[in-house]
Amino acid sequence: MRRIALAIGFLLLTAVAAPAVQPDEILPDPVLEQRARALSGGLRCLVCQNQSIDDSDAPLARDLRILVRERLVAGDSDKAVVDFVVARYGDFVLLRPPFNAQTLLLWAAPFLILAAGAIFVWRRGRRSPAADAGAVSPLTEDERSRVEKLLRDEQG
Amino acid sequence: MIVEIGHYALALALGVSVIQVLVPFWGVVRQDRALASVGSSAALISFALVALSFAALVASYVRSDFSVSNVVANSHSAQPLIYKFTSVWGNHEGSMLLWVLILTLFGALVALSRNTLPPRLRAGALSAQGLVAVAFLAFTLFTSNPFQRLSPAPAEGQDLNPILQDLGLAIHPPLLYVGYVGFSITYAFAVAALIDGRIDAMWARAVRPWTLLAWTFLTLGIAMGSYWAYYELGWGGWWFWDPVENASFMPWIAGTALIHSTVVMEKRDALKVWTILLAILTFSLSLLGTFIVRSGVLTSVHSFASDPARGVFILLILVFFVGGSLALFAWRAPLLRQGGLFAPVSREGALVVNNIFLATACATVFVGTLYPLVLEMVTGDKISVGAPFYNATFVPVMVPLLLILPIGQSLAWKRGDLLGAAQRNAAAFGVSVLVALALIAFTHGGPVLAPLGIGLGVFLVLGAAVDLGERIVARASGWRAMLSRAKGLPRSAWGTALAHAGVGISIIGIAAAAWSSEAIAVLKPGERLTSGRYTVVLEGVSPRTGPNFRAEVARFQLFSGEKELAPLEASKRIYTARSMPTTEAGIRTDWLSQAYVSLGEAQDGGVAVRLYDKPLILLIWIGSIVMALGGGLSLTDRRFRLAAPKRATPAAAAPQPAE
């Protein structure tokens, strides 16, 4: 549903109201329900922008929530449920992207950048900038004339 | 007629902005002060014209002039006046006009500012800023004209999107845009300095107030948007790592880094090249945000092609300003001389570390936001990058930064004493660890990360207090001396402490969210639902009619334990013009926590109700406001205000050509 808000622009408010999980979906077994909630929080509502099926009111999200609960009731492990959903909808459904060749750069990027920054600063720190330390940038023509003028005014 | 005047004024503003770009630039090249000073007049005229244009659009909205297609698409005669007004920017065209209005406002402020800007820098900056204005005025006029007439005019408008019919729309976008666009000034100053080939502490001092101003507003804008989402969406989520949010968060992180690096530059004349680059990147991220949101590239790579005119235009603007300024940077930055020295263990060194971490954090959000787009374009495969990714990457990058913040803050300038700084913060750290341990013991079996997060937040708040305390108490004897020291402390020191404490406060609120609880049930009148510390009893459901909507209102009585707190209402609305539903949550603030009730569908003779207990949730936004207060307080620091009289003196002694 966030598509609607996208039309509006920079606004951060990007989802349409209406809560997701309906009372009739809730499993009687609180442990299973807890697992269902945790799983749904990591599965993407396919027709929404970055919303999990746990948060989305889209009919498709509801179908997926019910599907997750059916698999859990049938005795699937958490991993089996996720695998089942991924087999149907692809990696797109995972809000936490899987770690594989395609996403290697995505997952590694933050740590590579941090390391690169640290190494860069460390190397620069070792290469002492003392050579530049005493250097004062010379005055421009404009500034020189202003200084002279100020000095003149002072005397006069 | 008013509409045509507005349209005409906008076109004229484009022409004036072209003058604002060319004439002062020529003046800088020719060293001609008279030409260089034209920029100021052009910036003022350009702002006046855009303001006139904006006023014309406001008038069309307020009078429900349905001969303007933009008004038809986004307004309705039955809307309350405030929403007629805010509808102006509740749509693409109008919000572009607001964007341009704020852009030219900043140009006018630079023209008016009486600080010690070297004339060449001012002229160059106005020229560069004018170029941004030209690009966005042209974009508005040629692809997003809000003044398009419609004939024949329909009798009624299509109403503003109902979720936007909220006070949030009056506050959030203007704040956010002032933040976004404010960074165009630092960008313009950076470009001007690069063209000039000279940059010094004076530059940093000239730029710092603008950065602080933009940052302060961006902080408030993001916080306000987050609170708006929280109360409007009906399930109490307040941050989604949505690309639209990331688009505003990236300039915020980069701007935070910029504020810190300009401190080093002002103090030590160091980090010049990096600061210039950051100034360019911060605004580039604002532009990237504009592109991401405006082009439709987000929804999918394919919808980008559905409205190519806008998307391609913004892409060109993005490529021109980012590519152009980076090329200029690559060409001219080697000319900039590095300034003063400092030991690695020093306040400056700590600020360098701050910048490494903030740059990494920003890059993380950047990669997370754009990776799916790029992957889809390259391979056609679709992946999602959601909250779990950021929790696993962004959070680990930020936590070490925040942990060393109080220590870095109490290091001395130039050459610091790490052991001493650690000792000064030892008590604060000890207390925070105790708080975390006590919470772990107290909430045994609950989430473990939450107490640790709260410990971190407490450490930041106490660390900020320690920093102030050291400056006020340590070297003073007696109350009187302390008071005078407190008075003598520069405002920017208070501002820094406040902003850092604000970060801590927000973190406490975010961490405490782990203890929020939720309950869902179908309630019939008289039945009760309990979640966490709160209980609601449904008293009844009744229909109600608003100006442009129908509502089903459920009335509850809220209890905390057995203590009766307050009556509470939650409703579902249907806006008639678009027959679109919204939920209005019932929220009761209880000290720093909130009880949050929202309605679902009516079923089985009852209504679906969900009740949330949100402990300490308000701290998230209180912290943001404290951060912004810190920014505002720094903005009033002496050294930014004192500039004026200095300039007046020589001018009085010897009349100079008008500027």
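Even glycines carry a Cβ here, placed using N, Cα and C.
All TrEMBL annotations are machine predictions without curation.
Here TrEMBL flags B:6-29 (among others) as transmembrane segment.
Marked as transmembrane segment by TrEMBL: B:41-62 (among others).
TrEMBL lists B:89-295 with the feature domain 'Cytochrome c assembly protein'.
Annotation source TrEMBL lists transmembrane segment at B:96-112 (among others). Here the transmembrane segment (B:96-112) has Cβ contacts under 8 Å with residues 10, 13, 17, 20, 39-41, 43-44, 46-47, 49-51, 53-54, 57, 88-89, 122, 125-126, 129-130, 132-133, 136-137, 139-140, 144, 146, 173-174, 177-178, 180-182, 184-185, 188, 210, 290 of the same chain, all six or more residues outside its ends.
Annotation source TrEMBL lists transmembrane segment at B:175-195 (among others).
What TrEMBL lists as transmembrane segment is B:207-229 (among others). Here the transmembrane segment (B:207-229) has Cβ contacts under 8 Å with residues 106, 110, 115, 166, 168, 171-183, 185-186, 189-190, 237-240, 245, 248-249, 251-252, 255-256, 258-259, 262-263, 266, 279, 620-621, 624-625, 627-628, 631-632, 634-635, 640 of the same chain, all six or more residues outside its ends.
Residues annotated as transmembrane segment in TrEMBL: B:249-266 (among others).
Look at TrEMBL and you will find B:273-292 (among others) tagged as transmembrane segment. Residues 99, 180-181, 183-184, 186-187, 189-191, 193-194, 199, 204, 207, 211, 243-244, 247-248, 250-251, 254-255, 257-258, 261-262, 264-265, 298, 311, 314-315, 317-318, 321-322, 325-326, 329, 333, 336, 338, 355, 359, 362, 366, 369 of the same chain lie 6 or more positions beyond the ends of the transmembrane segment (B:273-292) yet place their CB under 8 Å from a CB of it.
The transmembrane segment feature in TrEMBL is assigned to B:312-331 (among others). Taking Cβ pairs closer than 8 Å, the transmembrane segment (B:312-331) reaches residues 131-132, 135-136, 139, 142-143, 187, 190-191, 194-195, 276-277, 280, 283-284, 287-288, 290-291, 294-295 in its own chain, all 6 or more past its ends.
The domain 'Cytochrome c-type biogenesis protein CcmF C-terminal' annotation in TrEMBL covers B:315-638.
Here the transmembrane segment (B:352-374) has long-range neighbours at 241, 243, 246-247, 249-250, 253-254, 256-257, 260-261, 264, 271, 274, 278, 285, 292, 297-298, 301, 382-385, 389-390, 393-394, 397-398, 400-401, 404-405, 408, meaning same-chain residues at least 6 beyond its ends whose C-beta is under 8 angstroms from one of its own. What TrEMBL lists as transmembrane segment is B:352-374 (among others).
If you look up TrEMBL, you'll see B:394-413 (among others) marked as transmembrane segment. Packing against the transmembrane segment (B:394-413) from elsewhere in the chain are residues 267-268, 342, 345-351, 353-354, 357-358, 360-361, 364-365, 368, 421-422, 424-425, 428-429, 456, 459-460, 462-464, 466-467, 470, 496, 500, 503, 507: each is 6 or more residues past its ends and has a CB under 8 Å from a CB in it.
As annotated by TrEMBL, transmembrane segment applies to B:425-442 (among others). Packing against the transmembrane segment (B:425-442) from elsewhere in the chain are residues 406-407, 410, 448, 450-452, 454-456, 458-459, 462-463, 465-466: each is 6 or more residues past its ends and has a CB under 8 Å from a CB in it.
According to TrEMBL, the transmembrane segment annotation covers B:494-515 (among others). Within its own chain, the transmembrane segment (B:494-515) is flanked in space by residues 402, 405-406, 409, 443, 446-447, 449-454, 456-461, 463-465, 467-468, 532, 592, 614-635, 637, which lie at least six positions past its ends and keep a Cβ under 8 Å from the stretch.
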